[in-house]
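I have a structure I would like to understand better, so I am pasting it below and will then ask my questions one at a time.
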Amino acid sequence: MGAMFRSEEMSMVQLLIQPEAAYQSVAELGELGIAQFRDLNTDINMFQRKYTSEIRRCEEMERKIGYIRREIVKDSVAIPDMPEVIPRTPNSREIIDLEAQLEKTENEIVELSENNNALLQNFMELTELKHVLEKTQVFFSDKSNVQNLEATGGEAANDGKPLGFVAGVISRERIIGFERMLWRVSRGNIFLRQATLEESLVDPKTGDSVHKIVFVAFFQGEQLKARVKKVCAGYHASLYPCPNEYNEREEMLRGVRTRIEDLKMVLGQTQYNEREEMLRGVRTRIEDLKMVLGQTQDQRQRVLLNVAKEVPNWEIIVKKVKAIYHTLNMFNVDVSKKCLFGEAWVPTAGLQDVKTALVNGSAAVGSAVPSFLNIIATDEDPPTYNKTNKFTRGFQNLIESYGIATYREANPALYTIITFPFLFAIMFGDLGHGLILFLLGMWMVLWEKTLDKNKEEIWQLFFGGRYIILLMGIFSMYTGFVYNDVFSKGMNIFGSAWSVNYNTSTVMTNKELQLNPTTDYSETVYWYGLDPLWMLATNKIIFLNSFKMKLSIIFGVVHMIFGVCMSLVNHNHFNRRVNILLEFIPQMMFLVLLFAYMCFMMFFKWIMYSAVTDEDHLKPGCAPSVLIMFINMMLFKNQEPLETCKEFMFEGQDTLQVIFIVLGLICIPWLLLAKPFYIMFKRKGKSAEHGSEVAHQSSSSNHHDDEPMSEIFIHQAIHTIEYILSTISHTASYLRLWALSLAHAQLSEVLYNMVFTIGLRNDSYVGAIMIWLVFWPWSVLTIGILVGMEGLSAFLHTLRLHWVEFMSKFYEGLGYAFKPFSFKAILEEEEAD
């Protein structure tokens with residue numbers, strides 16, 4: 001039961017473990033997840049600790065697994081999700097076997113990858129060479145190359161030297177800069193021909209598709225040739241040898257002018273035959289490479305498919321082993337180096353489980369010397385550990401978003417399970433809208449295993465509150481039933497207590513028919529909730545305004561009184577019972593005598609006054625305003641009653657109110673001075689009776705004893721002013737329940753009247769079609785605005801009421817969370833990242 005009302009009791013323990021059993025013992029504790037270890041080597045560098053080499057081995061295994069995963073993903077092979085059954089922690093021999101297996105797998109994949117990349121590189125080069133041979137045929141057969149070079153103004157175009165050329169392939173995005181650079185280095189003495197490749201090529205290094213262009217650069221002289229090759233290297237252009245008989249043909253043409261035409265024909269045919277022969281060879285090699293590539297890819301695919309099944313288990317095992325050695329680095333070694341000792345926070349209820357884990361760890365390695373656990377005393381504040389399940393976790397997260405509870409402080413999450421959805425429902429009271437929230441929450445609850453696989457941060461934040469949404473929907477349906485409000489329409493389930501005592505003609509001709517409570521009201525109360533006739537009344541907003549405003553004040557005061565009562569629980573648990581007299585009683589008196597009295601008068605007014613009362617001085621017009629009465633009460637001012645009405649609701653009310661005000665004012669100096677004076681007198685008494693030694697010992701039991709009295713008086717003054725003013729402001733803050741409830745109901749009614757009624761104005765068949773058409777925008781606006789936006793607004797206001805108005809009465813929230821060494825938590829965090 002203690003875990004439900006406050007955090008678990010914690011113990012600081014010292015673990016004495018033999019080095020040979022340390023790994024297995026910590027592994028057992030990691031499986032349990034109940035020990036938060038302390039770092040005893042904060043003054044030692046991480047690289048100088050005992051198990052640094054083992055951590056580096058784990059990091060090397062992580063690197064290999066990461067490489068294997070990347071290669072698997074690169075080949076589009078599916079990797080299974082994290083297994084539901086987490087593999088067990090390996091022993092030392094199994095770790096060595098895993099290292100060997102990873103080394104073998106990595107080498108095999110590296111070898112396959114290198115072979116595959118080499119084949120792909122060769123295949124791309126041959127493909128580019130094929131395109132160079134095919135695309136440049138027209139360049140070499142064009143007789144205008146020399147004429148084009150002469151037209152560029154080349155200095156050596158007419159000196160009789162043969163034309164040289166360089167052929168290759170370059171990326172399409174680099175061709176513009178490449179062409180411009182050639183023109184600059186040659187001063188316009190280079191003629192560039194180019195042709196775009198229709199098909200894209202695959203880069204063997206990155207696997208991306210690239211578009212390339214075949215080019216041939218014509219020039220004269222070795223100097224320009226060297227420049228062209230440097231520019232090609234700078235722009236990462238691939239150069240390929242291309243057979244050319246143009247120079248030989250020119251030499252033969254100058255020597256044998258009479259046979260120039262025949263020689264040109266022969267040379268041209270020879271050039272074509274050489275190129276065709278080379279093309280046939282290239283095509284043959286490409287086909288062979290395709291076959292080898294296919295076989296290599298199949299072999300690589302088979303290896304990766306087999307490995308992909310093991311990758312998730314390998315990752316989990318390595319993470320667990322690495323976490324174990326990181327934890328062992330927090331341990332210290334005794335002088336003899338024969339024993340490791342560490343310290344950890346452990347829930348007191350789990351001490352036996354820790355002892356069992358140490359025994360199992362020693363037994364697993366056959367250690368003859370057992371491990372020990374000692375409970376040690378400490379002045380440190382223990383961590384806060386609240387046990388949760390999938391139902392309570394969402395509510396606990398709401399509380400811890402404000403602050404982690406101080407150790408063993410009363411846990412508000414237990415009560416928030418009821419109060420949070422209830423206060424939300426007061427603002428969101430609509431049976432239809434609540435049903436939508438309920439169905440949404442029920443969907444996430446029933447299919448939670450499937451939906452939990454989506455690890456997006458926003459979705460996990462929303463999905464974590466599925467039970468909160470479910471309860472908010474249930475409570476909203478309840479309050480909607482009380483408000484008699486379903487999508488802004490009322491329900492007549494139990495029959496109205498009002499009756500129309502007029503004939504048909506009167507009813508049809510009077511647009512605003514008034515009902516007389518004396519004759520038209522049956523004096524019976526509607527069985528549950530609001531009478532449906534109020535939904536048709538023109539003064540409905542006035543009635544609901546008064547009803548919901550009073551309701552919000554009543555629930556607000558009850559909620560704050562409950563918060564003050566929770567401070568009593570904390571005072572009693574922490575053995576600060578003197579605070580009950582010095583703080584709790586004056587706080588409770590101030591709240592009850594003023595604001596709880598105001599709530600009492602609301603109930604008293606509802607009981608004493610009704611619309612059909614005929615008793616003297618209790619007529620309907622004589623019912624006093626509770627708000628005005630409370631203001632006059634605080635100002636010691638009497639109200640001016642009507643001639644036929646009494647000033648007060650009961651005899652002696654004026655005297656009782658004066659007594660309450662005086663007692664409430666007495667509570668202010670009580671809160672302001674009682675506790676500081678008590679501390680001051682206590683210090684003087686201890687100093688006089690027992691001396692300074694006893695006074696020093698008592699400082700551990702009261703954290704005020706080490707503060708100067710001036711600080712105590714200042715802190716108590718701040719606390720008193722904050723409580724007195726906050727009691728008034730917090731009571732007014734609960735009026736947000738009234739405001740949002742009224743706004744939600746009116747928005748729903750406006751949306752219904754302005755959108756849905758469009759389809760109800762026609763009573764023919766066209767009206768049915770119009771209803772079907774209008775229903776969709778109405779439903780979208782209902783879900784988007786009234787359920788989505790209004791629901792979020794009500795949620796945030798409810799959260800504020802709990803954090804500020806409720807929890808500030810008793811909740812310090814100065815603790816820190818218990819974060820045990822747990823494999824499950826480590827893996828969940830890694831998966832979320």
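Placed from the backbone N, Cα and C atoms, the Cβ positions cover glycine too.
Note that the structure is predicted; figures quoted are calculated from it, not measured.
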What range among 95-129, 200-234, 480-514 does TrEMBL record as coiled coil?
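In TrEMBL, residues 95-129 carry the label coiled coil.
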Go through 458-481, 551-569, 765-787 and flag the stretch with the largest number of C-beta pairs under 8 Å relative to the transmembrane segment (422-446).
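Highest pair count goes to 458-481.
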Apart from its near flanks, which chain residues at least 6 from the ends of the coiled coil (95-129) lie with a Cβ under 8 angstroms of it?
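Distant contacts of the coiled coil (95-129): 57, 61, 64-65, 67-68, 71, 169, 201-205, 212, 214, 238, 240, 282, 285-286, 289-290, 292-293, 296-297, 299-300, 303-304, 307, 314, 317-318, 321.
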Can you give me the average pLDDT across the coiled coil (95-129), rounded to a whole number?
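In the predicted model, the coiled coil (95-129) has a mean pLDDT of 81.
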Can you tell me which of 458-481, 551-569, 765-787 gets the most C-beta pairs within less than 8 Å of the transmembrane segment (589-608)?
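Answer is 551-569, with the largest number of Cβ pairs below 8 Å.
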